[in-house]
Amino acid sequence: MINQIYQLVSPRQYEVAYKEFSLNDDHIIVRPTHLSICRADQRYYTGKRGKETLAKKLPMSLIHEGIGKIVYDPKKEFKVGTKVVMVPNTPTESDEIIAENYLESSKFRSSGFDGFMQDYVFLDRDRVVPLFKEMDPNVAAFIELITISMHALSRFEKKAHSRRNVFGVWGDGSLGFITALLLKRAYKNSKVIVFGKNAHKLERFSFVDQSYQIDNIPSNVRIDHAFECVGGIGSQSAINQIIDTITPEGSISLLGVSEYPVEVNTRMILEKGITLIGSSRSGRQDFVNTVDFLKENQDIIEYLETLIESVQPVKTIQDIINAFEKDLTSSWGKTIMLWRI
Ligand SMILES: NC(=O)C1=CN([C@@H]2O[C@H](COP(=O)(O)OP(=O)(O)OC[C@H]3O[C@@H](n4cnc5c(N)ncnc54)[C@H](OP(=O)(O)O)[C@@H]3O)[C@@H](O)[C@H]2O)C=CC1
Ligand SMILES: O=C(CO)[C@H](O)[C@H](O)COP(=O)(O)O
Ligand SMILES: [Zn+2]
């Protein structure tokens, strides 16, 4: 079967590629319906990743956040039309210690191999998780981003000390919002404080106990553990501010992605005995946990809906470009593409 794949060939330029796929029982075919743009996609689209990386990875189809409908299952385990969320991480082996998203042999869609911007996505059969019928499809489109926070919380739970009175979340964007929301739900008796750059974004975090602008933090504020959800150049000052604010032996979960290495105050990391927990991507179990969590906590979907900034029907390559450009000019939230190409 010949499939049409919409690939980024150079910054801000997409072309259609035609690829032959052969079907076997290990695969299923999904027609994407709702796709959502991640900051990582924008770093490729705008050429921020640098010439060497782009030369290695392009042409490549972007997007690793999305849902679709099953159109074909050779084993007939899934009914045609079943709504599913797609798992972008694709492991080629398993390991008893190292999770699938940290294995060097794993492939991740839209970071080295083709993402979801295709007419049909061919997936290993364990790379989809069925959705429940009440799930808002525009929120479901960015379930992958919710799994990132879910995964970070499960790593935190395994690795951090047990005092959880006060959490600090740095970053007033989408990932900070979702992480703060999940923390508030998972640790009902804990205080969650958000630290951000923008008053208008912090106003959206109505469910947290406290929020501060990073240039106006009272000197007596202390946190037990922190989640850094900033990324880019801002992550340097965020991490160093966390180091100053955290109490000894606290943990810092690092989630923000930077293009360049950042300088951090190692002297104070040592002196305070801080644990740094790197957290990247997610695996099938995080998707299962997230869908189960959303099914059992449907009131939370209302909060997640406030992250939807724009919903763009996409029928042509120009529509893809328009959606990416619109996303770049939005100061808040997620851009969803209704995939009708
Ligand atoms: N670990 C993982 O697997 C994943 C990581 N990410 C990464 O997480 C990061 C955040 O993603 P996302 O929320 O979507 O992006 P956003 O750009 O929406 O959020 C980042 C927010 O942090 C704010 N900010 C900038 N500097 C600081 C600072 N020093 N302290 C506090 N806040 C600050 C930004 O404000 P302003 O815009 O005004 O600068 C912005 O509102 C990105 O780097 C992204 O690539 C995303 C998904 C998965
Ligand atoms: O967004 C992400 C996961 O949701 C990751 O940040 C992304 O996969 C990083 O990939 P890359 O190295 O290609 O920037
Ligand atoms: Zn992402």
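Including glycine, each Cβ sits where the backbone N, Cα and C put it.
Keep in mind that this is a model prediction, so the values were computed, not measured.
Cross-referencing Glu104, Glu134, Glu144, Glu157 against the Zn(2+) binding annotation in TrEMBL, which names Cys38, His64, Glu65, picks out Glu144.
In three-state terms derived from DSSP, Glu65 (Zn(2+) binding site) belongs to an extended strand segment. What surrounds the Zn(2+) site, by Cβ distance within 8 Å of the Cβ centroid and not counting Cys38, His64, Glu65, Glu144, is the set Ser36, Ala40, Asp41, Ile63, Gly66, Pro88, Ser110, Phe142, Leu145 from the same chain.
Classification of Glu144 (Zn(2+) binding site) by DSSP places it within a helix. Sequence-distant neighbours of His64 (Zn(2+) binding site): residues of the same chain at least 6 apart with a C-beta under 8 Å from its C-beta are Cys38, Ala40, Asp41, Pro88, Phe108, Arg109, Ser110, Ser111, Gly115, Phe116, Glu144.
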